[in-house]
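Asks: I have a structure here, written as structure tokens, and I will follow up with some questions on it.
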């Protein structure tokens, strides 16, 4: 274990590091110090020279916990200490804004601090006097390089002791595959307000510790965008003891529950070369949670202690991977002291001395009293040593605090969760929808393909066969869905509409019920801020008779749920980056290519299976029939400049979407410039809810309510069941409104048709591609549908 009390700080000017520093190598150099050069490796006083940025290099003695607390002894048998040879040539005038002093090549002497001796800091002197180290007994212990957050010497870190058992290239894969960490944005994952997983990546405070068995980090919160315009997040307000994150850590500490710690490749204190963008370290327990001040701002810090102290740590050098000997686990304990002001006890955490860590106390984080002026009067004429100054910023941890251990008692589960069992399951349950950790290579993976699992690293494939979705389960979902919709209709006071579960009459006052073929349909007319009708939403409500017809929704659902039509998830945010996000549903496009921000694979209609072509013709009929009724309604009151067109083009594109349990699609619009005015979709399988709301930047000039985020509340909400068809008509709808679909079951398909206008495509290649792929095969007109 590395004693922070044995750490000497050396400041050197920052350089491009070319070539890398040969004197810091992977073998933990024996780096002697015989003489400290004048001004250390500090900056030369050159008034014409811009100050060089500094990096801090920590030289750490490797000693056992018992040795750290025992007096230093000298052994005559100690091997000689070799000098630095040659001097560090990489610090030269070509690399640095200010060169080394002439005597900087002289070697230095490693020293070992006697217990109780103050730390000695190496750096620029305040005057021209030579810097002389304390007269301490030299030690032959090997010296390891540890780096502070602003260093850039990652190329000189050693390789991992052995590969991690669980790792990931992508953060999304990490969150989908691991049960103990699902924080896509934050650093902490909790379950029932108990911390279960913690990711430490880019940010590190100066007192953070990243070692083989102990990790210390600050808790997020209180950070805001720097008002000085640096673009970074800085702490500007006190962290709250009542925040969910602090509570989660305290609950984990109280219950001694395991928390998996994950390291990101950008963490500046990584002890080794990061093997992957994200790597799971091991299970830890939270041993301490305390408050302190940084630049006058209250922050909370957490000390994690490895649960299995006998297990080697892959992220440390081999000679440090195993930690202290078992016999020393209980030998070191941190001192506690009770505050005379608040009566609460705190640990002796810092080398400077004890301070009260109760942030509600008047003595919270005050410097230990060491000066005459610290004597103050208390009751009855007595005096007490007490300081009114905060602790200094350059604190070091007490060595006992770093070295004490409290072994975890209880079972420790494997870091690598097993693959989900498929036996007895229909295939789209949440347990099978989640990601997985490859049992061969340890890589975390998303579930990308509808009918199989694929490791993103080693390309191993596992079949994920789809069984028929049980009819009994579908009927149970519909019964529960109907009960929920009735309750929502009552809650939202919808009494004059037999379909909608939310209907804002202030915004939508035009509705009608019509018959289209065998369907009963409900139409809603959407206005602009001036009240002009800009389009319609039509829902064709299916029934048992329609669904059970040959090649009806029942048969289409049974065919598409087991047939491999190419459904897969695709990147939707920053593709190729380790933070890339994937869609929450599975996609396959047919016909003309639909470009909507997600690169979806597309096949021509001549390659489409029969089930897709039958759905296409059903939607062509539904679209034209709904548009005809919309036109009749609008023409009745007089067509205006904002009215939607009176007809629609035949569709030349169909986007198939597959939803497993807990999948969904967020608010969006279908307003791409190449699209025609009409969109139609067939819903198959589990029920869902479709919602509309005005876009946040649109001022409707009427009392439409907003939520706490400043977003408009839904003005229309309708249920969609198996076999239902929805039709939206009017391009302006997508400029003023956005919509979402929330599936309410375990398996649903949406087959959505659009017309993509080749004349609005930018390249001739896209136009030619749309003409070929969007052409409907003549043979498919045998599937033409008339609504009966």
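These residue numbers are counts, starting from 1, taken along the chain as shown.
Heads up, the Cβ atoms here are built off N, Cα and C, so glycines get one too.
Automatic prediction, not curation, is the source of TrEMBL annotations.
According to TrEMBL:
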type: BINDING; residues: 659, 668; note: 2-oxoglutarate binding site
type: COMPBIAS; residues: 70-79; note: compositional bias 'Low complexity'
type: DOMAIN; residues: 650-757; note: domain 'Fe2OG dioxygenase'
type: REGION; residues: 1-29; note: region 'Disordered'
type: REGION; residues: 66-88; note: region 'Disordered'
Asks: For residue 659 (2-oxoglutarate binding site), what is the tally of other C-beta atoms lying within 10 angstroms of its C-beta?
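Replies: Other Cβ atoms found within 10 Å: 25.
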Asks: Under a criterion of Cβ-Cβ distance under 8 Å and sequence separation of at least 6, what residues of the same chain contact residue 668 (2-oxoglutarate binding site)?
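Replies: Residue 668 (2-oxoglutarate binding site) has long-range Cβ partners 738, 739, 740.
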Asks: What are the helix, strand and coil residue counts for the domain 'Fe2OG dioxygenase' (650-757) according to DSSP?
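Replies: Per DSSP, the residues of the domain 'Fe2OG dioxygenase' (650-757) fall into 4 helix, 59 strand, 45 coil.
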